[in-house]
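Remarks on the structure that follows.
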């Protein structure tokens, strides 16, 4: 118990003065005169002797008084200096303390008042050290004032920019903060199937006339970045040619797009680095040639994740490094608060409430325009300067014709400030209005040429806003229209006689034939180049239209003054709004569901977003978000940016974020409820190792070529290696030895996606069954030539399940064995083979750390890096992984979009029979069941 006694003594001596020394012996150093207090140590001496309890026989007065004086001084010092607080009243015992002592020193004892008064004076002499006064909390009524709301909204837009439709979306959608924007992800209501029906068709039968009613899906694409190039056409084409390649399709110099009548699409690369250095897709639109103008204008629309990369490359090829200062007139526009006047404080007068328009949250002094003295090219960043809406559906043109009204002839059409009024402009506007009215006679949006552009000046759509929400229905068919004409002529025959009948019949027939011919010409040739012109290209016109936009308060006042509620409001003389209508072709590749997802893009000046959005919603369109945009890309079979671009910097960043998100979601589940991906043979459930896959396929093909040349076998013996591969890949430790071949085969292989149209046509023809006509015969020599050209690349394919099954994200695409193909021949409805359950060699691993920086090797059920051979890890060779997969409502069965290795695809189709070419196996990460699927490459 010696240790316990020592701790007890230390606890009692903790608050004692340090200048007084207490000894544990019975006698002090001064003859025991100064240390007779031996009672601090209880019990007996270690030797068994007890302490003396008798009083000393004599003391020395001087030594005794000195020792006691030191104790008294230490006690007074300890009492006068309170511990743990600077307040004087803390020196008092607890039963004497009062809360009023903190501000009234007279409640303290007299001996403590002096110190308390000194502390009060010290606090008064230091006003600079006072705490910052807290802002007064306003009432809810004050916070909900329009001006205060605008100030709060502007503050919240500093980090993530808002679209003009943000408030409307925030009430109805789940919002996602990404790419420095706050974007709608998906509706709060269950609307997936309804959104699909909106993009597809809907039938409605009414009385005796058949109407085919289609509803539309609407999406706000204003977050896309627009870069404007202005300068000499020859100089711009020479510079932009370094960023594209003719092997991937039409470029910026395409004749159909150079006139300005069509919108084009290209894939951008870093300067002079094709096929490496991929950046991403882009849409471009040339301004039609303007008389007496030598310079051309070009708009390039890109995803916000591409903005900085593409802008840097454009500045490099155009040599535009000189930042151009912008005058105050062209600064980001703001809309003043037009509410009631009320008294404001002096602080509020300095910070007036204004609504931000465009990219008004960018820091002051940020360069948005660059010029080159050598090439005379100017690059301007028009991000959020133009509002862009996309309407998807067969009758998107019907909604547009119901919502928009071309500006009347007597109204002053908006023109640039440096152009005078001319009869030519009026005639062009009349032609554009006539073409716009002809759209109602078109049966479907898919009948128009893809990418055609129509310029137009329209009235404010709020003037014709319906009182309640409805649906836009298509115009009568030509047969129904002629039937109505004959019915009217029969009525005229009864009332007027045969003379008037013959005259009316002739005029009606001629007008119908003329309209039919014009509609037929529109669907075959599209819109003429001169009708694609619009004043939306001029910055001065855009700023003036934005500034002259009528407020909702003015429109409500005009509605209150109407004699007949619900009638059309009168348009002002300067109410014309220039717009651009750009046709979207939808699914233009492949043979199935052609032109599915076609529609129109509507471009507006900034500030007019909600003025056009609400009328479109009132016409029965259904609004979609980012989630539905991904699904639309899946139904059309096109890769979605940046999800399906693993060779682009933005795509790699997205995959890293997706991997962290999926891993965090996996960790949130209890360990007993998680999928053990090691036992399922899934090496990469969260991110696909494309680089390792392409390298291993290249090594396997080279190894098989060396084996074939050494053995002297012919082309028919190429499949000998196929029977050896499953034995090699039974377990990770038996995988292909890549350590020697990786250093000896070639230099570092960088992954890229094959986008050459010539190579894609060959692969598409070879993946089809032999029953179809094939202009590219598959031989070992042609396969070797194609492998030499793009064997280290990935190819985008579409997988159609032959039976039941629903593909999932990162599902594995594998090469079927000979027995698998024979099983499919015997039973076309076979479920497919199964993967043997793998052994978990890492089951002893447990998580010892937690947090966002936890390494993946600490997660049970997931392979830690470095990964073993991804090619031969399972019983079937791995071709690639699924990027998008789900049950397709358009096809009625499971479909998936995936990337596979070109070398692996050639290796597979050379071994398969002609009638079974393109058949692969598909397995989800959380399943051991393989499903049969067929590959198709859409070009």
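Even glycines carry a Cβ here, placed using N, Cα and C.
No curator has checked TrEMBL annotations; they are predicted automatically.
As annotated by TrEMBL, compositional bias 'Polar residues' applies to 16-27.
Feature annotation from TrEMBL assigns compositional bias 'Basic residues' to 99-110.
The compositional bias 'Basic and acidic residues' annotation in TrEMBL covers 111-133.
Under the heading domain 'Pop1 N-terminal', TrEMBL lists 64-144 (among others).
The domain 'Pop1 N-terminal' annotation in TrEMBL covers 152-210 (among others).
Feature annotation from TrEMBL assigns domain 'POPLD' to 599-690.
According to TrEMBL, the domain 'POP1 C-terminal' annotation covers 793-847 (among others).
Under the heading domain 'POP1 C-terminal', TrEMBL lists 852-938 (among others). Across the domain 'POP1 C-terminal' (852-938), the model assigns an average pLDDT of 86.
The region 'Disordered' annotation in TrEMBL covers 1-53 (among others).
Feature annotation from TrEMBL assigns region 'Disordered' to 99-142 (among others).
Note: the domain 'POPLD' (599-690) comprises 45 helix, 9 strand, 38 coil (DSSP; helix = H, G, I, strand = E, B). For the domain 'POP1 C-terminal' (793-847), the DSSP counts in helix, strand and coil order read 9 helix, 12 strand, 34 coil. Taken through DSSP, the domain 'POP1 C-terminal' (852-938) splits into 14 helix, 32 strand, 41 coil.
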